[in-house]
Structures are given as structure tokens and as C-alpha cells.
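First comes the structure, then the notes that go with it.
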Amino acid sequence: MNKKLDAFHLKVIAIVAMLLNHIGSGFRLFEYSDQLFFFTEFIGKLTFPIMAYLLVEGFHYTRNVKKYAARLAFFWIISIYPFHALFYQDHPFSPTELVNNIFFTLLMGLILITLYDKTKNTAIHVLLVIIFSLTTVMSDWNLIGVLIIFGFYHIQNVKLKKILPPIYATAFLFLLMLVVYFISPSSVPWYELLSGLGILGTIPLLLNYNGKRGYSPNWVKWGFYLFYPLHMILLILVRGIL
């Protein structure tokens, strides 16, 4: 099969999906249309698995993991307040929000696979996965985010590594929402219960990925990083005007 998507294409898909998702959440579209909000949530589920897969690719090919981690840490820190202001503007800032955004989850995933790669001890491997999953319980994508990253890293079969992590992530989120729904049906709208199925949309995208970087000058590389905090700031400003 002629695989047509490179890393640049995947990144564009990821940020467009993220933008739609954040418009839906930041502007509370669920107050106006369940169907429209479901669409933004469903499409938004493409973003993290794509970013997680490319993170693992970056880990394998980077010449300096410390610099890679430092970049993630920098954008995690500068994105903390924009994330709060966009999604939790009606609530006071709490200490748990220091780990609120996707860059923290990506950073924890990168540190996990870096440490995992340095030891062959099975007990330590298990401990590392547990510890770094728990560090992101309060972060975007919580513990399943780190487990997706780990799956992309640990599964050796080229095809299966693109299929299994999205499947178990979808199953985990669906079962979690289902449990909450049975406990308190009114707290889990139908769109939250079903939106996790959007994660499965990453499977055909990753299977069509050719492993090439594609268009990647420095401004594009840094532009993708900057997009995260800047688009949230822009949405906050637009919401303020409206």
C-alpha cells in the first residue's frame, strides 16, 4: 500500500482536531447543541494518540532526549494558565492544575520510556509504568495518556503498535464512562459516553503514515509547539469579545 501521510500531515490533522475540540469545550457548545458538541469531542479524540505516536518516533530519532524533554517542560509550564482560563474560567486556580495540560502528559510519557529503555529489570519496568501513569491522573488524558505512549513504544510489531493502543484506550474510556453512567446517569451525557470512539479514527491515519518527516523547517517545528498555548489564548480573547 502506498502510504501517503508523513509527520507534517499528521501534525496538521492533530492541531485542526485540537482546535475544533477546544472550540467545543471552551465555548460550551453542549449548551446549544449536543450533536455539534459531540462532533467536536469525537474529532478531538484524534489529537492525543497522534501526538503520542509522534513523541515515540521523536524519542527514537532525537539526538538529545534532554533537550526534547526541556521543550515539553517549557510548553507545559507556559500553557498551565491558558488551559485553566479556557476550560475552568468559573473556578479558582488550584494546585492540581499545575499538571493540567497535554504537554505534562507527553513529558511524563517521554521520561517513562527513557527510563524504561535504560533498564532490563522487569520489576522496575512495572513500577515505572505504574508511577508515571499515576503522575498524570489529574492531567489532560489522565493515566490513559501515558499508557498510550507506552503502548506505542513497547509493542514491537509495526502494524499492531498502531492498532492496539487506540483500541485499549477507547475501551478504557468507554468502560470508565459506563461505570460513572450506571452510578449517576445524569452526570454522563450520551456525547461523553460515545465520543471516545473517535480515538479509533487514529488507526487508519497511523496505518497510512509513511514514517517520513515531511515539510519540517524550524518555523514549522516551533509553530506546532507554539500553537498549543497561542490558540488557547486566542480562543479566550474571542470568547471575551463575544
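All residue numbers here begin at 1 and follow the chain in the order shown.
Backbone N, Cα and C define each Cβ position, glycine as well.
Listed features, source TrEMBL:
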- 12-30: transmembrane segment (TRANSMEM)
- 36-56: transmembrane segment (TRANSMEM)
- 68-86: transmembrane segment (TRANSMEM)
- 98-116: transmembrane segment (TRANSMEM)
- 128-153: transmembrane segment (TRANSMEM)
- 165-183: transmembrane segment (TRANSMEM)
- 190-207: transmembrane segment (TRANSMEM)
- 219-238: transmembrane segment (TRANSMEM)
Using Cβ atoms only, state whether the transmembrane segment (12-30) and the transmembrane segment (165-183) have three or more pairs under 8 Å that are 6 or more apart in sequence.
no
Can you name the far-off residues of the same chain, 6+ from the ends of the transmembrane segment (219-238), with a Cβ under 8 Å from a Cβ of it?
8, 11, 15, 18-19, 22-23, 26-27, 71, 75, 78-79, 82-83, 85-86, 89, 101-103
Any contact between the transmembrane segment (190-207) and the transmembrane segment (36-56)? By contact I mean 3+ C-beta pairs closer than 8 Å, pairs at least 6 apart along the chain.
yes
